[in-house]
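Scroll down for the structure; my scribbles are underneath it.
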Amino acid sequence: MYQIPVKNLTKLRRPRKRVKSILCDIGMQQCQDMLETYKCFDAGDASFDNTEWDDFTDGHVGKKKKKYPYRSQSLCCSLCWYSSRSVPTFRSHIHRCHWKNLDGACLLMCPYCPFVSSPKVTEQHIQFFHMLPSRAHQSHPSHTLAHTPKTISVTVSADAADDRYTCATCGYHDSLLYVMKKHVLVNHFATLLDRYFGLGSESAPMAGPQIRDGTPVKYHCKLCKLPAETIEHLLYHILSSEKHKELHWQIMPCIIEKECMNQMVGLQNLLNLAPKSMQPVTLFARPNYMPQQTQQTNGNGTVLLAGPSNAAALFCSPGAGQMFLSPQTQALLSGTTVAALQNAPHPQSPGGMSQVLPTSPVVKPLNMVMPNMPQNTPKTLPLTMTVPRLPPPQQGPQVLLPPGVQVNLPGEMGVHSPFLVTQGLQLNQSVPRAPLITSQSVRFIPTGNKVNGVPTYTLAPVQVTVPVHGGPPQMVLAQNQISQPPNSAVVTPGLMPPVQRAMNKNSRPNELAVQAPFLKKHDNQTVKCLRCKILLTEQGIFQHLLHGLKCLFCPQMFYSFKQIMEHSKKEHSLKVKDNRLYIKEQFSLDCDDEGNLIFSTFNLNTDVPKDLLDNRELNLALVTSTKDKIYIKMYPDKAEYTTMLKSAPNACPFCQVKLQNPEDYELHLQTKHHIVPTIHAILKTPAYKCIYCFGVYTEKSTPKTISIHVQRCRCAPKAVKEAERKLNPDTSESHDGDVCSSVQMPASEVTFQGAPEFPKPKKEAVTPRNRRRNTKASKTGTLVPETPVTLVLEPMGMERTSFEDRKDFLSQYFHRKPYVTKTEIELLASRLWINKADVKAHFNSKLTKCLKAIQKKRVCVRLGFKMIEVNKLKHNLFIPEVKPVKRKDPNEVNLSSLVPGVTVKTEQVDATTQHPLFIPEVPVTIKKEEEVCEIDHGFIIQEVTVKQEEVDEMEDALCTNG
């Protein structure tokens, strides 16, 4: 812990075991040298035996502390031999095996360096090496996996109500988890991002210049060396890849979900249209806004508040005679007009008439119809307010409030929610000091825009009851029927843009031209998705556009219509002549002089949720990889694009069990099916994920496929696996890995209630080329019948053994049959529950080792024969049986071996006796000629029969040698 953090720790861990063994050898050698040095001072064993001393090992049990072998992984369990590189895998191991001692097995990773230790030690390590003096007082919620921030930002705005996630450090909020993770990683974990983010220049010296599609790669991932064309690609890979799953658990502590935000100050007071009378008005604003001074009602005067510094609203108070002008309004008016507005007297009419608010003609007028009611009778009048939508460059809201009304206005950032105004509106009836009573809660509608990452909202239509006195039988308050009082301040209409121009600009559809390389145009009404390999319909095409839209001018990819529209307007505006010429030459897209795309016709018309299209129509021109153009007209639908489950189903889609509430539904899925409902990260469709390994199932999974996955899941507990094997035994014969493929089933059995249902895609058109291909495939299928495959070794019961045992079985199978067919590999993979790629790689590695060994080593084969078996063969060869010769002492002279024993006739004895080389010691047997037999002796020639003629020749030879 007290060592300075070292970089390139992965390279140091590889030779660490070897270095440790070398140091042990060096230490042993030093001990031996020291023993030799002091050997002369040794008094002997007698002195050692006669020495007495106290045993210092008293109390030692004799058991040595268990020392685990060296583990090269970064996360090592201190309670057993287990080690892992992935944080989720290590966490699941602790929960499965050491759930009774979680505190002792808990580890914590340093967010700045690869240091890993217990939480207390890691906190000290961070304070010693990574804590800057200027940031010593700040809290670090990213240092622990289960840390809850002590202080929460109290600056809450109305747009945070629909956002599910909030940053615990800076208060940034969004409804998408990916956006929040990206924000935390880029803004609060810059050091951690540097471990993954790499430029193309950094990877060039290591792996050479990386070139992809003819262009050099700009970015890459430092850990897995994945190249990326843009920063968005690299960030998406870092945050969503399973290889970097440990990054998720370091970022999530900085993200607070909506359930954790219920204690934030001001969340329950987002907007209150009916406060109690005679109460001070409070204003909750963001840090860059200061709370304004509040006023109470005096008589029948109107209580109005000064808005934020950037709100384009004109407020007046008749009782106090004060008027507040926003900076934007002051900029539009001259200096004399501003002084006249601020200093002008505002007398109150006897009948309780409110002051006239001259407003901008940007907003539609408000028509109020007063029903007929008796005189002097307080009644409630339902008042429906419709909120029009303003584009960002237009002026902000202007508010007219009748006397006796108090409003709490939350401060907002950027584009503000437009409130109801009318041009020169007067209320000629007397209004008592009674509060407004809202008949329903306030609801916000997202506009689709974001300012500094903060989404903007507008008010939904609200019904309120206004206590008024009776008046004429029917009174219609409209713009053309309202007269202005003589002492009212009126803004010159020439200073404001015309209403018609603003309405035309707001109602004009957006235009966009992008590349969609994954689409293929079949005809004018048919489009095929090459990635999903299906034909697309009009209603479901926008789901496939989320695969990624590429800019026409740069290689950036986008996964949202709003993002690519904003990028195109800022970076590649078609108002520039060069950009118009470029798309006309490269993609044959026509534009007018103002930079608007020309759409002569549309191939497809579809409805898209309005929160995806900025609540405006979109004319989309898609350019495919073959430069074909697809023109689509997109209409904003009323239904919002749901990013989360709005209504949980009350029946399980797998076992049809009726449930009462969403909590029981999720608990049932977790306990019985081991899954939880989720949303697909890219397609934004309902899906399920495993509670052990977080793997996402397709929406057409069955209970059988889920059970098989749980049996093979490496993160699932053993008890759960055994229970699933008993309930649903795996009898399938074709699996492609640990996660089995989902079986197709009707969509009605799995889809959620309330989820969008899309019509089935059309069948692919049959062309002559496809027909020839199909007929050719059918012919080949009939000519080649499938033959049953027999395995050399039967893997009976091996699928439930360990992975090493199954590899040993594959090695034995290789020794029996090194060259296997494709069908054998598939059968072995299905029988052993191993991936086909792993089986094939195992056989290839074994074969490669054998071939290399044959090339390097010279093999000598010695052939031997069994003589017993050879003698049984029938042949014409004569193979004599030779007895082995006994070796004798060379110093001992055996005379019998010099001259062999000779058998002669009786009449030849005298002649033999007179021979000069006759040796008397040689035994001579004299027998009759008919009784002459063979005599054995120790000479090399074992059996000799000598005739008289041969004896004479022998004598001559002996004489010659002598």
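Backbone N, Cα and C atoms are what each Cβ position is placed from, and that goes for glycine too.
According to Swiss-Prot, the DNA-binding region annotation covers 795-854, on the basis of sequence analysis.
For 753-781, the entry in Swiss-Prot reads region 'Disordered'.
For the zinc finger (75-98), the mean pLDDT of the prediction comes to 85. Annotated zinc finger per Swiss-Prot: 75-98 (among others), in sequence order.
Look at Swiss-Prot and you will find 108-130 (among others) tagged as zinc finger, backed by sequence analysis.
Per Swiss-Prot, the feature zinc finger maps to 165-188 (among others); the stated evidence is sequence analysis.
Sequence annotations record features per position, and here Swiss-Prot assigns zinc finger to 219-244 (among others) based on sequence analysis.
Under the heading zinc finger, Swiss-Prot lists 527-547 (among others).
What Swiss-Prot lists as zinc finger is 549-572 (among others), and the listing cites sequence analysis. Taking H, G and I as helix, E and B as strand and the rest as coil, DSSP gives the zinc finger (549-572) the counts 11 helix, 4 strand, 9 coil.
Among the features that Swiss-Prot reports, zinc finger is placed at 650-673 (among others), with the record citing sequence analysis.
Per Swiss-Prot, zinc finger is recorded for 688-712 (among others), and the stated evidence type is sequence analysis.
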Stretch in 75-98, 108-130, 219-244 most in contact with the zinc finger (549-572), if contact is a CB pair under 8 A: 219-244
Tally of residues which DSSP labels helix, strand or coil - the zinc finger (108-130): 11 helix, 4 strand, 8 coil
